[in-house]
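I have placed the structure first, in the form of structure tokens, so that the comments after it can refer back to it.
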Amino acid sequence: MATAAELEKTVELLSGPLLPLSPPRPLSRPLPPLPNRPHPSPHDALAPGWTRETLVLPAAFPRSFPRSTKKPHEPARDPTVAAAPGQRADPQRALEQVVRSQIDSFAHPIGADNVTAETEAQEQLVVVGNRYRPARTPSNAAGPGLTLVLSHANGFYKEVWEPVLASVLAEIEQRGSSLPVEEIWALDCVIQGDSAVLNDDVLGNAFNWADHGRDLVNVIAYYLDSPDLATTGAQAGVTTSLPRPAADVPAELAQLDNAPLAGPGPSRPSDRTYRKRLIVGIGHSLGGGATAFAATTCPSLFSSVIFLDPVIVPPELKAPRTMISATVAALKRRATWQTRQEAKESFLSKPFFRAWDSEVLDGYVQHGLHETSDGQVALKTKPHYEALTFMDPLASAARRACVRLQTVPPTLPAHFIFADKGRSVLQEDWIDYLLTRALPHATSTRVEGAGHLVVHEKPRETAHLIVDFLEKTYPQRAGRGAKL
């Protein structure tokens, strides 16, 4: 039998347009209630006068690869679960299962010839998002405001952004800037955070980063202005139906890469509006790759994009990067504890977590875990799901994202925020490739003293660099004047 490494080498770099979007399917079953948000939380309000709502939205449909979903009655196939109760599965055997399931799925991408059959077979997934906005209605006298749309790193959750976002709003206030941040959306990946909890009974054994990018486009294009979300608060109880899309979205937008309006967009960032919004895509690590897929499929949706130490690698590497070590580490990850305090003590025993800002670690204990039916607490993102996400064989999706970046028009402002030199997930020559060949009009900065997890380790410093970029990109809106 072939080893995981041998299997991984059989993968080819995917190319071609992303799968178009179809209307979402009705839910086949009621969704479980959202996990309770522990109280008090240090960022129940990001800033004075701001509110937070947690909303359940349709994910992109259909998924681009078979076995991305399963029927609710079908047994889950979690390779981390051993046959004998109380024992851990062999990590190498678990790895081979994950690699094989991903490769088998990636070898049969869904296209026009089989999309109908897959549409019938697939379940509708959901994306859980937090919407933050000021309680008062901002003035649009000076033009449309900024809508920030954020995507997190692998293994985490939408609330990981809250320390950064609180610092962004505080810094805008302290600078006396009138940067018009009118709305912020932080989204959970479909197999992570609250999304994973709600999707758990229908998640399959395949995941591709391109679908994460399709999810971002789907939410931005159709659901930021859903009529069902105009006045809603946080959703509570069991969800049996999903919000309707905005009514006047151009039909051709669903074609994604093939959409006639997927052009470069206006040259001035402040003119690059979609539905009277200036949309700023911000993605970290995995979320950076997803943001790349989204921004390249329809760049005119975005006013600007920010990539935080993204997992985007050159397409033609002499030795394509294997994802085996990260996948094995995820499969070995402990997933349950008796209490949140026990979990926190466990995290603090590891140098990996001790490098985090204390607010971010506290947030991980609050928002990265949920209570189980037996009274324990468990990771919302199961190790199996984190491993599936890491197992992008030979970084095929990350390399595909890099190829696509070369199509981003120079009229779309782009900025990279990298970890400190020598500490990025990317090799220095890969960073040079991004800045000189993949996206040569982009600007870049670094977070001094930070490793790959810049959001976790240095949230205030990361926020400072985000605000710097926004002020330079929207100078006519950043002068002194009305504050948030």
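Cβ atoms here come from the backbone N, Cα and C positions, even for glycine.
Residues of the same chain lying 6 or more positions beyond the ends of the compositional bias 'Basic and acidic residues' (1-11) and with a Cβ under 8 Å from any Cβ of it are 92, 95-96, 99-100, 103, 106, 322-324, 393-394, 396. Marked as compositional bias 'Basic and acidic residues' by TrEMBL: 1-11.
What TrEMBL records for 1-49 (among others) is region 'Disordered'.
DSSP assignment over the compositional bias 'Pro residues' (20-39) gives 0 helix, 1 strand, 19 coil. Marked as compositional bias 'Pro residues' by TrEMBL: 20-39.
Sequence annotations record features per position, and here TrEMBL assigns region 'Disordered' to 63-92 (among others). Listed by sequence, the residues of this chain that lie at least six past the ends of the region 'Disordered' (63-92) yet keep a Cβ under 8 A from its Cβ atoms are 4, 18-19, 28-29, 98, 101, 104-106, 108-110, 118, 121-123, 125, 200-208, 210-211, 214, 328, 331-332, 335, 382-384, 387.
Residues annotated as domain 'AB hydrolase-1' in TrEMBL: 226-464.
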Counting each residue once, how many in the compositional bias 'Basic and acidic residues' (1-11) are helix, strand and coil under DSSP?
5 helix, 0 strand, 6 coil
Secondary structure content, the region 'Disordered' (63-92) (per DSSP, counts of residues):
2 helix, 3 strand, 25 coil
